[in-house]
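Structure record follows, encoded as structure tokens.
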Amino acid sequence: MTTTVSTGATAVATLRETSPPVDGHEEARLNADSDDGSHGSQDPGKMFIGGLSWQTTAENLRDYFGRFGEVNECMVMRDPATKRARGFGFITFVDPSSVDKVLNNREHELDGKKIDPKVAFPKRTQAKLVTKTKKVFIGGLSATSTLEDMKQYFETYGKVEDAMLMFDKATQRHRGFGFVTFDSDEVADKVCEIHFHEINGKMVECKKAQPKEVMLPVQLNKSRAAAARNLYGMPPETLLAYAQYLPRFGGNLMYPNFTNVFNNMPGGYSGLSTPGGSSNRPPHQFDTASLYSLNNGGQLLDSQAQMFMNQQSYHSHSKY
């Protein structure tokens with residue numbers, strides 16, 4: 001049996017109940033227009049539906065929400081390996097006012113289970129990326145590198161106003177990253193454009209420092225998307241769009257030796273890739289025990305390359 005779950009001029013999504021359903025990656029692709037869910041098409045009539053019964057089909061979902069308004073598109077997300085429903089889906093109303101009707105109804109039950117509809121793209125103000133700054137994040141320093149080594153190297157590019165390394169209070173050893181502040185943002189631009197620099201025989205990564213209010217939502221969504229990837233069988237760019245609705249996962253998804261560390265960044269800054277910068281990374285010396293090794297097969301995610309200090313465990317040593 002073939003059930004058509006879309007109407008109107010938009011693309012039609014079709015699920016087959018007696019044969020393997022549409023691959024989860026393809027279903028997800030129809031719902032993801034950007035890599036982080038904050039740009040691209042944000043249909044005001046679109047809703048995320050969580051808490052679905054494993055037996056709920058796209059047709060059942062469409063029939064239920066059809067009482068609130070004409071449904072333009074509807075889908076239930078499935079695991080591409082097992083073909084089982086993953087307990088959540090999406091609907092898009094023709095008239096965005098139908099979303100308010102759904103939200104005004106406090107309780108929703110479908111197939112004997114309470115479900116949780118939410119606005120797929122909630123309105124929120126996001127801090128803008130800082131592109132002009134004199135402060136640069138330096139990551140991947142060798143254990144033998146000193147504050148003086150870092151300062152001397154970057155002084156070859158311009159005057160250094162401030163330099164600091166972040167130290168572990170318990171071991172009194174630096175954690176492999178720090179910050180350099182130049183006397184002009186032009187020098188910082190040049191350093192970040194080169195991106196990788198060699199200090200004491202080890203490649204280090206330079207990124208423009210960003211206010212933590214910029215990095216916090218990015219990091220949270222990236223971390224949750226990375227954790228959920230295997231469970232939901234979706235590519236990261238899709239999960240990022242809906243990461244705020246997915247279950248929270250335990251464990252530390254950032255760099256080794258770092259925990260919840262958004263609270264005490266010096267000056268409220270962290271590192272973030274420069275927009276439009278090259279993503280080509282040269283052969284480097286980041287092994288699995290290094291600062292840049294992640295627990296997801298060694299894949300380096302740009303936003304997870306940001307360093308934050310734990311309020312109780314880390315402090316800085318400054319040259320000035």
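Using N, Cα and C of the backbone, Cβ positions are placed for all residues, glycine too.
Positions annotated as compositional bias 'Low complexity' by Swiss-Prot: 1-14. Marked as compositional bias 'Basic and acidic residues' by Swiss-Prot: 23-38. Among the features that Swiss-Prot reports, domain 'RRM 1' is placed at 45-124. Summarising the annotation, Swiss-Prot assigns domain 'RRM 2' to 134-211 and lists sequence analysis as the type of evidence. What Swiss-Prot records for Thr18 is phosphothreonine, and it gives experimental evidence as the kind of evidence. As annotated by Swiss-Prot, phosphoserine applies to Ser19, Ser34, with the evidence given as experimental evidence. Summarising the annotation, Swiss-Prot assigns region 'Disordered' to 1-48. As annotated by Swiss-Prot, region 'Required for binding to target mRNAs' applies to 88-93, 177-182.
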Please give the average pLDDT for the domain 'RRM 2' (134-211) in this predicted model.
92
Cβ contacts under 8 Å made by the region 'Required for binding to target mRNAs' (177-182) with residues that lie 6+ beyond its boundaries:
134-141, 147, 150-151, 154, 157-166, 188, 191, 209, 266, 269, 271, 291, 307, 316
DSSP tally for the domain 'RRM 1' (45-124), helix/strand/coil in that order, comes to 19 helix, 32 strand, 29 coil
